Amino acid sequence: MCCLSHSCVVCVSPEEERRVRANDREYNEKFQYASNCIVTSKYNVITFLPVNLFEQFQEVANTYFLFLLILQLIPQISSLSWFTTIVPLVLVLSITAVKDATDDYVSKEKWMNVRVGDIIKLENNQFVAADLLLLSSSEPHSLCYIETAELDGETNMKVRQSLSVTAELGDPNSLASFDGEVVCEPPNNKLDRFCGLLCWRDCKYPLSNHNMLLRGCVLRNTETCYGLVIFAGPDTKLMQNSGRTKFKRTSIDRLMNTLVLWIFGFMVCMGVILAVGNAVWEREVGSLFQSYLAWDLPVDNFLFSAFLSFWSYVIILNTVVPISLYVSVEVIRLGHSYFINWDRKMFCPQCNTAAEARTTTLNEELGQVEYIFSDKTGTLTQNIMSFSKCSINGHAYGEVIDPLGAQPKVSRLTLDFSSFNPLADPDFCYYDNGLLKSVKLGDLHSHEFFRLLSLCHTVMSEEKKEGELMYKAQSPDEGALVTAARNFGFVFRSRTPGTVTVTELGRPVTYTLLAILDFNNIRKRMSVIVRNPEGRIRLYCKGADTLLFERLHSSNNHLMNITTDHLNEYAGDGLRTLALAYRDLSEEQWEEWSERHRQADRATDCREDRLADIYEYIEQDMMLLGATAIEDKLQEGVPETIAILSLANIKIWVLTGDKQETAVNIGYSCKMLTGDMTEVFIISGNTVLSVREELREWPSVGDKQQQCPPPPGPPAPRPPSSTTLDSISGEFALVINGHSLAHALEADMEGEFVSTACVCRAVICCRVTPLQKALVVELIKKHKKAVTLAIGDGANDVSMIKTAHIGVGISGQEGIQAVLASDYSFSQFRFLQRLLLVHGRWSYLRMCRFLCYFFYKNFAFTMVHFWFGFFCGFSAQTVYDQYFITLYNIVYTSLPVLAMGIFDQDVPEQRSLEYPKLYEPGQLNLLFNKREFFICITQGIYTSVVLFFVPYAILSHGTQGTGEPLADYQTFAVTTATALVIVVSVQIALDTGYWTAINHFFVWGSVGSFFTIMLAMHSQTLFSIFPNQFHFVGSAQSTLVQPLVWLTIVLATVICIVPVLAFRFLKLDLKPQLSDTVRTICFWPHSQLSDTVRTICFWPHSQLSDTVRTICFWPHSQLSDTVRTICFWPHSQLSDTVRTISTLTELSDTVRTICFWPHSHLSDTVRTICFWPHSHLSDTVRTICF
């Protein structure tokens, strides 16, 4: 292949159909099809600067600061030099431009450039460069093997085949003379379908996805092949699927945008106040100076002076929202993302996969999640399937019964298949010898059962050595079933486009493959039609039992009832089930159906619907063979993870395509559903009315349950606003199937469904489609305004992952499509608790502390100008040296707050996992909201008042040692600036909860840099070089040697900091947060805790049920000193129900003593400590009786 040009052609208008003529560029160029040039970079050397600046100035903040810069260039307005704004602006633009250029350079890809209609040659292991129609191949039957990992993440090989009429076009001369024309669908993003016709030599041949090689595939095990370019460049299906994902913003981002607008409004109000003050001052006082201090041109009256003064103060006061805020936020988020990527505790050595933050914009949102929507297969389970049980002709196999016919054996021996079948898989495990005996004895139903499994699939077989088979299946289910058939004597050996070869009990048999009726999410079944060597035609079908049973012959009713019982039993064990059936076809039936199938296959419109109708027609009146049950074990740590997340008040919904019984069993296995629950409600109505009736019946059932005390445990989730649901107590779970969910999602019922579901501790939705998964997530986002997280591992989870606020992909057995669509990815569900409770909580905490401090320090800095305006004639004179104004946010105070925003912690990571209740402040948005914002700016305004008026009051009457007064502008400016830097540095030292060497270096280094730079700026050396730029020559040196100045700085610092310390100590003593209490516990052992700490006892989560993880506090007035000591028993000797210590307020000192006997003398049921009121016990009997 050769690159013909590097220009991309864009189609003028949307296509209705595409016409491509082979080897005729002149004809094809009339349609202006896109070339195959793909450059995913946005910039080149020439366009980078203008395009990048244009994009950056689309940000409102950047445009605002550019506007300020323009104002500063007007001498009549600006009292600051232009560099006070341009230096921070250029710095921010430069950092962002470097980041954008780096990202763009990394993502730049160049592909071979060909044109639509060209015929290209591909060789083994080569990437397919465009969407091609396969014309011929070097392999027999013109087959071609490809790997589609770039498209769907699946590494197993898939087979493609050319049309028989083009299979002979193997030499260059024949291909050069090929002039066929393809009429097909326009470009689209559907990877699994293609519809078109090849018109050649007055004949039309239908084309399907089976004839296409898509861009991104890799040619495997095929020496050469030739293809006709149908779609190129941006029109290829790969590029059509790489459209922009909806940009996700965090709730803090949205709040910050609102607050910034409020600050702008506040700044304008301050500007108006000062402008009015300027007008009044110029009219009443300034007019007296006109004779010797006239207005500067073009000012000719006090109103125009006020107008210019307004814009001058807009420039001066703009630092309430510095441009560095946005860059700092991005740097902090980038740091948090690297912490996730570097976390060794989220690395899976088995998969060699680390956690990956695929976005940097959502980290703090991880600390605010209230709802998790999870897939089941491959997410909660391992998606490693093993054949477990089966039902054949009404007989159940798989349970191992002991010789007396009682309970299933606990110890099971794996059957040895090697003596019976030399081609058996040595890794296959099965325990029921009855099924193997049935096959050996020649049971026809068992033979037909495994014959179906060996024929009805799309598995590819590789046999590198004789007898060493390797199966490559598109799904783990298929691989498990074909492997089971292999071990029971029906060995799938190989396939061609028209045949399937199977070794049946040692005898090779080749079946003619007449048709494959593909599986999809709507049909939920797959069929093949084969002809055996004797000429008999039979259809084999496997699929979901609910759909397959509807298509059985009426004579199967009795067998269907027995099989249904078996299926329910298997589903109750958490197994994945499929039903199997067959149908014999006569030659006439086959010929008739085959012709109808050919006509539907050639249709250019509604082809998919026509084929579906044809498939439906033939899949009728089938005979039931039995059912399979496949085991998919839970991943490691899933029950513990769900239990801990539930304690963090995170509600978990499972959305699965499995049947109800399977999903419910998995719910119990992973502790989503527990026996302590008050009720598990099942919604299974098939009509709108029945679903509505079941939803409305739910509260009345809950009212009946209310009479019974709820099981011990954590508080029930907060109920919705409905007064009926408010009165429900206890813990509930809801299970709803796909049919009922479709009705519940209708507009007139969705509110009722959400209200009911959100009262439940757990919700399981069964038999749901990918679209329904996304709709459920959207429903919660719409009605609950809560942060949602969706987690899944397969392509059917992509819509759900993209819809949720946060999408998490599991890199498992179903490819990487979910990972590619996600915001975060890792390999095990159990890592989710660390992602949320550690990284998410810390990110939220750090961002909130960063924002609170950032707004505080800038209000403290800026508002000093406001107070100064009342003492400088509202002349827009600045308090500080202009270099201090420039460097305050980018040097003196930037690094300490960045260090706090990146490294800060309130409690160690282990405590975050031990006490999940620490997660709740993020869900309730307690750490940064409008109230916290107003507290921060109030503190900042208070600090500015102190920093201005304390130096003003002291220095206005102060004198130097020589008797000279200190009341000059430059001394006041240096004193105020020094006090400001010290105060904000002390404040961040108080705000920092976790000190590292970096924090120390940045905090104290920033203070040191302030003095170093200020002394340099005020030095005689710089003044002699730039006399017009450095006006504060010698000011720092003369000011900082005055004891009165340092007394002023210390006094201002004390007045600013002492109220903050007092408030925090009072809050810690009177209303401590859980994190404060946990920090206290980290430092004292239990035996050394005083009564004031009220000893909080924690048990390891792994050893306790959910009901005892509540932290209990006892008031002093109700407990004597003796009872305040909490004693612990070894967890292994106590049942879950007796770990709660109950106390009453009516006990005398004698009875308040808790006595403990050696555990060997007490059974689990009597370890509860009981207290009786005084009126029921005499003095002698007040001892605790058991």
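Heads up, the Cβ atoms here are built off N, Cα and C, so glycines get one too.
Residues annotated as domain 'P-type ATPase N-terminal' in TrEMBL: 20-86.
Sequence annotations record features per position, and here TrEMBL assigns transmembrane segment to 64-93 (among others).
The transmembrane segment annotation in TrEMBL covers 259-281 (among others).
Here TrEMBL flags 301-327 (among others) as transmembrane segment.
Non-local neighbourhood of Arg767 (ATP binding site): Thr546, Thr656, Gly657, Asp658, Lys659, Gln660, Asn737, Gly738, His739, each in the same chain, at least six residues away, with C-beta under 8 Å from its C-beta. Residues annotated as ATP binding site in TrEMBL: Asp375, Lys376, Thr377, Glu478, Phe519, Lys542, Arg576, Thr656, Gly657, Asp658, Arg767, Lys773, Asn796, Asp797.
For Asp793 (Mg(2+) binding site), the number of other Cβ atoms no farther than 10 Å from its own Cβ, over all displayed protein chains, is 33. Per TrEMBL, the feature Mg(2+) binding site maps to Asp375, Thr377, Asp793, Asp797.
The active site, 4-aspartylphosphate intermediate feature in TrEMBL is assigned to Asp375.
Under the heading region 'Disordered', TrEMBL lists 700-723.
The annotation compositional bias 'Pro residues' is assigned in TrEMBL to 708-720.
Per TrEMBL, the feature domain 'P-type ATPase C-terminal' maps to 819-1072.
Annotated transmembrane segment per TrEMBL: 850-871 (among others), in sequence order. Here the transmembrane segment (850-871) has long-range neighbours at 252, 256, 259, 270, 274, 277, 313, 316-317, 319-322, 325, 328-329, 332, 877-880, 888-889, 893, 897, 900-901, 928, 932-933, 936-937, 939-941, 943-945, 947-949, 952, 976, 980, 983-984, 987-988, 991, meaning same-chain residues at least 6 beyond its ends whose C-beta is under 8 angstroms from one of its own.
Long-range contacts of the transmembrane segment (883-903) within the same chain: residues 80, 83-84, 87-88, 91, 319, 322, 324, 328, 331-332, 335-336, 846-847, 849-850, 853-854, 857-858, 861, 973, 977, 981, 984-985, 988, 991-992, 994, 996, 998-999, 1002-1003, 1005-1006, 1009-1010, 1013-1014, 1017, 1030, each at least 6 residues beyond the stretch ends and with a Cβ under 8 Å from a Cβ of the stretch. The transmembrane segment annotation in TrEMBL covers 883-903 (among others).
If you look up TrEMBL, you'll see 933-954 (among others) marked as transmembrane segment.
Taken from TrEMBL, the feature transmembrane segment applies to 969-990 (among others). Beyond the transmembrane segment (969-990), the same-chain residues lying 6 or more positions past its ends with a Cβ under 8 Å from any Cβ of the stretch are 853, 856-857, 860-861, 864, 879-881, 884, 892-893, 896-897, 900, 943, 947-948, 950-952, 955, 1003-1004, 1006-1007, 1010, 1014, 1018, 1032, 1035-1036, 1038-1040, 1042, 1045, 1048-1049, 1052-1053, 1056-1057, 1060-1061, 1064.
If you look up TrEMBL, you'll see 1002-1023 (among others) marked as transmembrane segment.
If you look at the transmembrane segment (1043-1066), the same-chain residues 6 or more away from its ends with a CB under 8 A from one of its CBs are 939, 942-943, 946-947, 950-951, 954-955, 958-959, 966, 971, 974-975, 978-979, 982-983, 986-987, 990. Per TrEMBL, transmembrane segment is recorded for 1043-1066 (among others).
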Within-chain partners of the transmembrane segment (1002-1023) [C-beta distance under 8 Å, separation at least 6 from its ends]: 881, 883-884, 887, 891-893, 895-896, 898-899, 974, 977-978, 981-982, 985, 988-989, 992, 1029-1030, 1032-1037
With the cut-off at Cβ under 8 Å and a gap of six or more residues from its ends, the chain residues touching the transmembrane segment (259-281) are 61, 64, 302-303, 305-307, 309-311, 313-314, 317-318, 320-321, 855, 866, 869-870, 873-876, 930, 933
Distance check against Asp793 (Mg(2+) binding site) for the binding-site residues Asp375, Thr377, Phe519, keeping those with Cα within 10 Å: Asp375, Thr377
Taking the domain 'P-type ATPase C-terminal' (819-1072) alone, what is its mean pLDDT? 92
In the chain carrying Phe519 (ATP binding site), residues 6 or more apart in sequence that have Cβ under 8 angstroms from it: Arg525, Met526, Gly543
So of Thr377, Asn796, which of the binding-site residues has the fewest other Cβ atoms within 10 Å around its own Cβ? Asn796
List the same-chain residues at least 6 positions away in sequence whose Cβ sits under 8 Å from the Cβ of Asp375 (ATP binding site), in sequence order, or say none. Val654, Leu655, Thr656, Lys773, Ile791, Gly792, Asp793, Gly794, Asn796, Asp797, Met800
Just to be sure I understand the packing, how many Cβ atoms besides its own are within 10 Å of the Cβ of Arg576 (ATP binding site)? 23
CB neighbours of Asp797 (Mg(2+) binding site) within 10 A? 31
